[in-house]
Every structure is written in C-alpha cells, then in structure tokens.
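The structure appears right after this line, and notes come after that.
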Amino acid sequence: MTDIATLERDVLVAIDTAADEAAVEDVRIAALGKSGSISALLKTLGGMTPDERKEKGPQINGLRDRVQGAIAARKEALGEAALEARLASERVDVSLPVQEGPEARGRIHPISQVIDEITAIFGDMGFAIAEGPDVETDDLNFTKLNFPVGHPAREMHDTFFFAPDANGERKLLRTHTSPVQVRTMLAEAPPIRVICPGRTYRNDSDQTHTPMFHQVEGLVIDKSAHLGHLKWILEEFCKSFFEIDDVKMRFRPSFFPFTEPSMEVDIQCSRKGGEIRFGEGDDWLEILGCGMVHPNVLRNCGLDPEVYQGFAWGMGIDRIAMLKYGMPDLRPFFEADVRWLSHYGFRPLDLPTLTAGLSS
Ligand code: DAH
C-alpha cells in the first residue's frame, strides 16, 4: 500500500515538474511503458490469489487511471502554453504597411535600360541583334576592318592586349563593336540588317571615359543600301530615343579605316543654363561615327563590292545614356553603388516599347 502511494506521489511530481511535452512523454514511458513501474505492478495481478486481486486490483488500476489522467492533463496544458508562446512570438500587426518585395525594390541599370530601348527601336525597324566575344583577335578587331598592320589608327585605340599564346597570337579586348560587323558578314549572306550592342575596352579613364564602356554598331548590306537610308534611320532613331518630335542632324566628313566616305554625326541641341536639350537650339553635339562600308572590308568578308554595298555606324551607349538621363559622370555607372542605382535605375517590369513608351 505504501509502495503504491509513494509511487503515485513520485510519478505525479515528475508529471507536474516536466518542462515540456517530451519530458511528460518520458515520465509516461517510465511509468506506463512496456517496462514501466506501474506496468510492472499491473503484471503482478496475474500471480495473485483471487482475494489479493480483489483488494489490490482496484488500487493498482486506480493508480494507472489517475496517472494516465494526470499525464493527459499536463500534456494538454503544456501544448496550450506552447501554442500561446508561438502565437505571441509570431504575431503580425496587420495594420503595418506592406513591405515592398524585391521585384518592386530592384532597379534596372541605365545601361541595360538604354540597350533595351535601342533594341526596341531598331527591332521595330526590322533589325536583328548580333553579338560577338569581348576577347577578340587582332585580325577581326583591326586587320579585316582595313587597319593595315602598323597603321597609326591602331595606336589611337589604346588597346588592351593579352600576352601572346603558344602560336604567338596576341588576343585583345575588343576596342569597338565593329568586329561584330565582320563576324556577321562572314557568317551570313546579304541582305544584312543588324545592330550589335556590347562591351568594349580602351585604356582610358576620366569623367566621360571608363576602361570598359559600351557601344552599339549598326550594319546594313544589300545591293542598293545608300547614305539616304542611313540618314533616315539615324534621324528616326534619334527622334525615338530622345523622345522628341523633330531633330536636325549634321553630317561632317571624318575618317575611319573601315568606311569610305566616313562621317561624324552631330545632333542639334541647346545648352541653355548648362542643361543639354535636344530638338531645339543652335548648338551641336557629336553622337556617332558612320559611313559606307569600305570595299576592302567587303572583300575581306568574302563579299563582292561590285555587287554589294552598305553602310555602318557606331555609337557610344554610355554617352547617349548620360545625355538622355542627365548623368554627368560615367564612373559611377560601374561602381555598383545601390544608392546611385536606386536613384538612376529603372523599374524592372516597365519594359521599354515603342507603343507603351521607352522610358516611362
Ligand atoms: N568603331 C568606331 C569607333 O569605335 C565607331 C564607328 C565609326 C563604327 C564608323 C562604325 C562606323 O561602324 O561606320 O570609334
């Protein structure tokens, strides 16, 4: 009898002091499990005389029932306490303003935006996109573009060269996107209408030059492409890109080894109050180089200049981005400063299209 009372007290104390549901479960196993203390008592009933069983049976069974009841009650209390604690720690204040998700906070870099704008404009005119590698051969960057070996125009490009490889070939970081013209003419038969946006490299650094920058090249080759077409394309591009109704352009004679004749193009602007505005004023700003593709370049690319002709142009993407969006210094473009990006960047889901607006 004392045994049973002591055991009951001990087990009930253990149940009451169990800190969590797992500890209660340990007590249950120790008492009511296969080799638990109360299970052992229950087993003794089988070996008792009927009289003994009559006396002890209700005591032992009563003990088991009370312990089972205490365990169930403790488990429920602990479960409720755990739920309360969780609810308290995970409480949300539904009156707080919703935090913006990454898709709303992220920003598209102005260079990516401007490339998308350029692609939308020329895509609408029927141009395809062509790409080439940043690491280029001397042959494609210079020789095939009619820069003879030793020609001073090569020096003007401030080229980054790699160390010569096992065959003595010296690769370079392309100094312009013009090698993509050559790659396109070598790979495709005319008529050709492509633009080639991409990274370019020159050893130069100041407020408006960085060693890595971006250009977009344009190339049209067929049997009758002429400068009138080029002029129309560039005018339409400038109107769309700068989002103005009319633009005056000035074509000045210039020199590039890969075009003949070669020209530089200025667009009309005003610089009143230090701010550049397009489509008005009587000042000029240079924005690109262009010309008729040189017969030597056509020949170098396997095209017969007696049959095919065409024009090309090259434009600095960073420069027109700075002009359009009023960013005075090029260097922060490549400093990966999120404060600059959140100021000058574009919302990711506003894709530039001609119909919905380029830079809304
Ligand atoms: N590749 C020239 C440069 O980087 C730009 C250029 C001028 C490209 C005239 C052309 C062109 O395609 O016709 O300075």
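Even glycines carry a Cβ here, placed using N, Cα and C.
Please treat TrEMBL annotations as automatic predictions, because they have not gone through curation.
Quick look at what TrEMBL annotates:
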type	residues	note
BINDING	Glu260	Mg(2+) binding site
DOMAIN	126-332	domain 'Aminoacyl-transfer RNA synthetases class-II family profile'
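Under a cutoff of 8 A between CB atoms, and with a sequence separation of 6+ in the same chain, the neighbours of Glu260 (Mg(2+) binding site) are Gly291, Met292, His294, Pro295. Model confidence over the domain 'Aminoacyl-transfer RNA synthetases class-II family profile' (126-332) stands at 93, taken as the mean pLDDT rounded to a whole number. DSSP classifies Glu260 (Mg(2+) binding site) as strand under the three-state reduction.
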